[in-house]
Amino acid sequence: MSELLQRLPSPFLSREGAARSKLSKCSMTPGKKLEGLVAAAITPMTPDGQINLSVIHQYVDYLVREQNVKNIFVNGTTGEGLSLSIQERKQLAEEWVRQGKDKLDHVIIHVGALSLPESQDLARHAAAIGASGIAVIAPFFFKPTNKDELVAFLQKVASEAPGVPFYYYHIPPLTGVKIRVEELLDGIREQIPTFQGVKFSDTDLLDLAQCINKNGSEQFAFLYGVDEQLLGALAVGVNGAVGSTYNYLGRKTKLMLQAFAKPDLALAQKYQFLIGEFLNFVIKLGFGVAQTKAVMTFVSGIPMGPPRPPLVNASEEFIAKAKAKLDSIVWPDGD
Ligand SMILES: CC(=O)N[C@H](C=O)[C@@H](O)[C@H](O)[C@H](O)CO
Ligand SMILES: CC(=O)C(=O)O
């Protein structure tokens, strides 16, 4: 049995949980705590806008070999998860789990949706294929108005996958749901025994720090999601980060994490400033998922394809400028 399952309360060890623990022996690294860097998976698409499963094998090898990143967060913001059909989301989840087997430590599947039954269906599916975790965003059309309503929604999804670690994905700039995480975490394990942590994609470091202060980063995993200011989040004690830039700046960001851990704060700052220099530059040009797809394509050589409407392709001008900027950066490791 995995360490993770052993740590969970006994009612949690349902038949499904036991069945899954067998499954997880042959997929990913069982029981390893989610920490360090997690790449937010881009969803590769063909030129005509279909999901392109055929490059995921190469994508996994690229992350592991070239970026030193061994965790992936599938069907999230960067993966255009909310723009995909349920069928496409399942196909992508299956392919990431299949290709990640023996190569990745964690394959986390985002299963959030506006429709509760769809989200539950995706949660059951993620459990059945042996995903190492599931994450859910707050529903964002009809929104929960308080903590209890949000937890009730999350609980109804989490309970469909009783053997799978559950993460809340907090991204108020996109969902418009601003319920503070500090409040949400109060007593959450009683409602959601599988609760394992938060992907925190907001700039409110007071909220984040209070979450860590009250719960300890040993109990839950706190993963930060605003790549341009990860160093600030490290200072308040996050366990790691989930983000789009770790697809192509994973190796550099890992060097920042190492410098911070040493601790060599001046070196960590140097990395953060340079990462920030690139992001500040592209943000001014207009930076989103479409641009991330373009950057990943020129850095990795793996064709990520166009984004799905309403997003539109990055312009040739953006690509040329972003590439020139990235190439001009002189990193402290001499690269
Ligand atoms: C809104 C959004 O996509 N956030 C991503 C993850 O949460 C980040 O990884 C950003 O892409 C990154 O910080 C660049 O702004
Ligand atoms: C960026 C991020 O973490 C996501 O794609 O969900």
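Keep in mind that glycine also has a Cβ here, set from the backbone N, Cα and C atoms.
Quick caveat, the model's predicted, so the values are computed rather than measured.
Sequence annotations record features per position, and here TrEMBL assigns pyruvate binding site to THR78, VAL242. The annotation active site, proton donor/acceptor is assigned in TrEMBL to TYR169. Under the heading active site, schiff-base intermediate with substrate, TrEMBL lists LYS199.
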Sequence-distant neighbours of the residue listed as 'active site, proton donor/acceptor' in its chain (C-beta under 8 A, six or more apart): GLY76, HIS110, GLY112, ALA135, VAL136, ILE137, VAL198, LYS199, SER201
Where the C-beta lies under 6 angstroms from ligand 2, the matching recorded positions among THR78, TYR169, VAL242: THR78, VAL242
LYS199 (active site, schiff-base intermediate with substrate): secondary structure state under DSSP, collapsed to three categories: strand
Conformational class of TYR169 (active site, proton donor/acceptor) under the three-state DSSP mapping: strand
Residues near VAL242 (pyruvate binding site) in space but at least six apart in sequence (CB under 8 A): VAL38, ALA39, ALA40, PHE73, GLY76, ILE108, LYS199, SER201, LEU223, TYR224, GLY225
Reduced DSSP assignment, THR78 (pyruvate binding site): coil
Residue among the recorded positions THR78, LYS199 whose Cβ has the most other Cβ atoms within 10 Å: LYS199
Conformational class of VAL242 (pyruvate binding site) under the three-state DSSP mapping: strand
